[in-house]
Amino acid sequence: MAAQGAAAAVAAGTSGVAGEGEPGPGENAAAEGTAPSPGRVSPPTPARGEPEVTVEIGETYLCRRPDSTWHSAEVIQSRVNDQEGREEFYVHYVGFNRRLDEWVDKNRLALTKTVKDAVQKNSEKYLSELAEQPERKITRNQKRKHDEINHVQKTYAEMDPTTAALEKEHEAITKVKYVDKIHIGNYEIDAWYFSPFPEDYGKQPKLWLCEYCLKYMKYEKSYRFHLGQCQWRQPPGKEIYRKSNISVYEVDGKDHKIYCQNLCLLAKLFLDHKTLYFDVEPFVFYILTEVDRQGAHIVGYFSKEKESPDGNNVACILTLPPYQRRGYGKFLIAFSYELSKLESTVGSPEKPLSDLGKLSYRSYWSWVLLEILRDFRGTLSIKDLSQMTSITQNDIISTLQSLNMVKYWKGQHVICVTPKLVEEHLKSAQYKKPPITVDSVCLKWAPPKHKQVKLSKK
């Protein structure tokens, strides 16, 4: 175990809550009022002996996605899957988030004229039907929400020059996602992004992970043997929260380096933009688990810097895919703010957030602020809201702007709200009360001693 994590690059940077009620990576949620997706067709079987074009790396072909729609896809890499005994191609769907990149069999590529013609005919029919529909204008805010939910990737032209340059460099380094699946606990999960597992581990189509110690293995046989030997039944560190079957452990990266490295490698499979570190010592990790007779099963986590010069209360945050859409993402967000309240500070997640992270944080902030505004009577400033919630003033302003509840007047932001407007927002499913909330009575935690000294001097 000790040798395994020593050389591993680890992820402990950009935040990315993965999914509270948003479409998953394989879903194609259509915007309200749009026509069916183009290319949804069952193509005819190619004629016997019909020639196929040769698949070339870097070329673009029509590829059938898991939802049976056809889309242009660039072939990035090829490999022979030793576990399956077949040739596969790694494709990126043009215009889609790289989360949807995947390894596909040759038979999912339109390589014959018969198949290509069938897809083209269906696409032309779709465009004809679309042209007959009345024009539907959408606002910039609606377009932004649609792009976030449907994983629409920004083009380099839409980015500022610095961001575009960094994005190109990041894409070149993490272009191919070799680890396609992982098995952890009772779940087999499709990976979303590249993760820098060391040596041959990073080139395996599938890895097996122990859900307790997070050791990763190349072979199922090794995994089964390890399960019989592993003594762990919960994360290392200290349990700081327990209510019913929900438990949270605080793990210091300095004290449990290998575990935290393995956790970050696991997280990187589901988070795109990450700053990679070889050293996890500057971070503390908060592991959310579901507890049963077998042990404490990892659900998700967030990390935070022990000393954040930017005032961030979260460095990285993730709910594992099998546990998404059950309220755990917002629970982790709420938990991070409970810690900030005990530290008597305000905090914000490290930027940039992933698309799903933006949706989850914005939904959480909105719910918290709406609950306060609904019950409060009297005068309330943005500074007051920040002190009550530990949410930064900038995050509060941007959230209230999205709710049309703040105006800029005489050089400052002023809250403009009516009880009716608050109630209308609270009726929306987007801003409803999270299914799992943090019970502060069950939180057994105090700031580190050096932070307590700083607080006493304020």
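Please read every residue number as a count from 1 along the shown chain.
Keep in mind that glycine also has a Cβ here, set from the backbone N, Cα and C atoms.
What Swiss-Prot records for 1-15 (among others) is compositional bias 'Low complexity'.
According to Swiss-Prot, the N-acetylalanine annotation covers A2, on the basis of a large-scale study or a structure entry.
Under the heading compositional bias 'Low complexity', Swiss-Prot lists 25-36 (among others).
Under the heading phosphoserine, Swiss-Prot lists S37 (among others).
Look at Swiss-Prot and you will find S42 (among others) tagged as phosphoserine, backed by similarity to another entry.
Among the features that Swiss-Prot reports, domain 'Tudor-knot' is placed at 55-110, with the record citing sequence analysis.
Residues or ranges marked as N6-acetyllysine by Swiss-Prot: K113 (among others).
Sequence annotations record features per position, and here Swiss-Prot assigns motif 'Nuclear localization signal' to 140-149 based on experimental evidence.
Across the zinc finger (207-232), DSSP classifies residues as 10 helix, 5 strand, 11 coil. Under the heading zinc finger, Swiss-Prot lists 207-232, citing experimental evidence as support.
Positions annotated as N6-acetyllysine by Swiss-Prot, on the basis of experimental evidence: K274 (among others).
As annotated by Swiss-Prot, phosphoserine applies to S348 (among others), with the evidence given as a large-scale study or a structure entry. DSSP gives S348 (phosphoserine) a strand state. Cβ contacts within 10 Å of S348 (phosphoserine), excluding its own Cβ and spanning all protein chains shown: 23.
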